[in-house]
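The structure under discussion appears below in the form of structure tokens.
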Amino acid sequence: MTTPKKTAKISGNEARELSDLSEDIGIRFKYQNSERVYLQGSRDDIRVPLREIRQDDTYTAQGTEANPPIPVYDTSGAYGDPAAHIDLKQGLPHIRTAWLDERGDTEILPKLSSEYGIERAHDPKTAHLRFNQITRPRRAKAGRNVTQLHYARQGIITPEMEFAAIRERMKLDELFRRPEYAKLLKQHTGQSFGANIPTRPDQITPEFVRQEIAAGRAIIPANINHPELEPMIIGRNFRVKINGNLGNSAVTSSLTEEVEKMVWSLRWGADTIMDLSTGAHIHETREWIIRNAPVPIGTVPIYQTLEKTGGIAEDLTWDLFRDTLIEQAEQGVDYFTIHAGVLLRYVPMTANRLTGIVSRGGSIMAKWCLAHHRENFLYTHFDEICEIMKAYDVSFSLGDGLRPGCIADANDESQFAELHTLGELTDKAWKHDVQVMIEGPGHVPLQRVKENMTEELQHCFEAPFYTLGPLVTDIAPGYDHITSGIGAANIGWYGTAMLCYVTPKEHLGLPDKEDVRTGIITYKLAAHAADLAKGWPGAQLRDNALSKARFEFRWRDQFRLSLDPERAESFHDETLPAEGAKIAHFCSMCGPKFCSMKITQEVRDYADKQKAQRQGMEEKAVEFVKKGAKIYS
């Protein structure tokens, strides 16, 4: 893979940076010994991507053993397809347009509906930053509901649902029937804590997806204005997903750097991406990201609304926020974090906390409530928000504005009061057939993590849980990807559907591309550990394949099968860089004489030899008896 070139920090040269966006900007991905494969759906335009990792043969004294390719879930979109044409200035292909047209329940608007969107589209000062391939937005026709939840409740299986089902199943049903995969598919029994996890790959069907969405246990974030999207599903009874954050700030980062970070996140496996920009050119940055994103994009609309007031929370209004929702919905944002559960009466509950209110959105709304001594306008206007969401199929990510910011504040009165209100709002959103997931903490000591999952399932009616970690200790700035990864693996096992990554820069600064890489790999690891623990069918296949490669000293296959092949190989080559070391039966940890796996293989060879000798002696004994057992003839 070619590493993205480094972009400058904000320098006033955004136009020059954008003019440097070549056709593939140096970010086309090349995975080691891998092949992009498409699984065909029931119609020609349902082509679901996955990646197959090819393995080397195993050579033994008995001959050659072929090792089969290992399929892995692939979020890289066109960037991971060698045959795809990539031009960030044009955006990705519109794979969902035909699906949207066929349903006949949307209309192409003559122009943008948002006042701010219209203003930005005609502002000469931002012309040099504007994405030039903007199409007119879609909206539901009058009286129509275009959400995946609405279709599911009507018994309709959409192409998005079929796509997501094939993506989750990932041809495992075929592998379970092939003898060469039999040993590799052995798996420990999982503990799913009452979840309805499929026990066989053939149970992961479009109808199963429809049922889970209809029940509110899963969502497919898929705005009708994001036709570039490759649909995916978030739910307790599916693979655990991860979200990667990006976004500029008033201090650092540029538009092109955020676009590059988005694509970089896809390379390492982000399932969704949240644009949390709070700096300059939020509207333009978001447009570039969405038009080039094959995964769902989420935002926190209150951030941009605050920017429109010059950063003065007291000046926020419902009308300004409403316009922001429409602006972002017409750009194609797939899910909104809405902090509607921060109620006026809950704010005093945080007074005795060690770290108070740490959510940016939560603190903004708390300040507005106190300044006006009025109820949170996101709560009082919630039905109107639902009307906007269902017109574009934007999913709710109901924000935890009162999440704990340290383990001392975990699971307190204010946190759970807000969670219970989020349950109330979930029920209200479902009455509009709007898809919902619930955001969770935060900072929680390990022994209290499960309580968060139990509370969410009970009070939010099994809507998908989406958590930031949680961090299980507060003593490791610079290593919070690890402190949070521990909590993430646990809460993912208990039932959380999506994990929001944490990078090493958490609490310290804005992450760069390498921090993003580390955060995503850490969270892919946590999500995979959770899939193993809850018993997702086929989850252990990659582990078993890598373990077999390790025992057989197939170093290249160990690298290829790992979550970060480049780093694994670089660590190996720091001490054994020679090409011959890639076939050596030892590494630098133990050396050639003390490698446990080499010794084990020698013991096996010796045992096989002894067994052969015993078998030969036994055969001679039988032959002796058959000949009359005479010593002398």
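These residue numbers are counts, starting from 1, taken along the chain as shown.
Cβ coordinates come from backbone N, Cα and C, glycine included.
Secondary structure at R403 (substrate binding site), taken from DSSP and collapsed to helix, strand or coil, is coil. According to Swiss-Prot, the substrate binding site annotation covers N245, M274, Y303, H339, S359, R360, G361, D400, G401, L402, R403, E439, Y466, on the basis of sequence analysis.
Residues or ranges marked as Zn(2+) binding site by Swiss-Prot: H443, H507. Taken residue by residue with DSSP, H443 (Zn(2+) binding site) is part of a strand. Using a 10 Å radius centred on the Cβ of H443 (Zn(2+) binding site) and all shown protein chains, the other Cβ atoms total 26.
Sequence annotations record features per position, and here Swiss-Prot assigns [4Fe-4S] cluster binding site to C587, C590, C595 based on sequence analysis.
Comparing local CB density within 10 A for the binding-site residues Y303, Y466, the maximum falls on Y466. All protein chains included, R403 (substrate binding site) registers 26 other Cβ atoms within 10 Å of its own Cβ. Counting other C-beta atoms within 10 Å of each candidate's C-beta, the binding-site residues G361, G401 are led by G401. With a cut-off of 8 Å between CB atoms and residues at least 6 apart in sequence, the same chain places I273, M274, L276, C500, Y501, P511 near N245 (substrate binding site), listed in sequence order. S359 (substrate binding site) is 12 Å away from H507 (Zn(2+) binding site) when you measure Cα to Cα.
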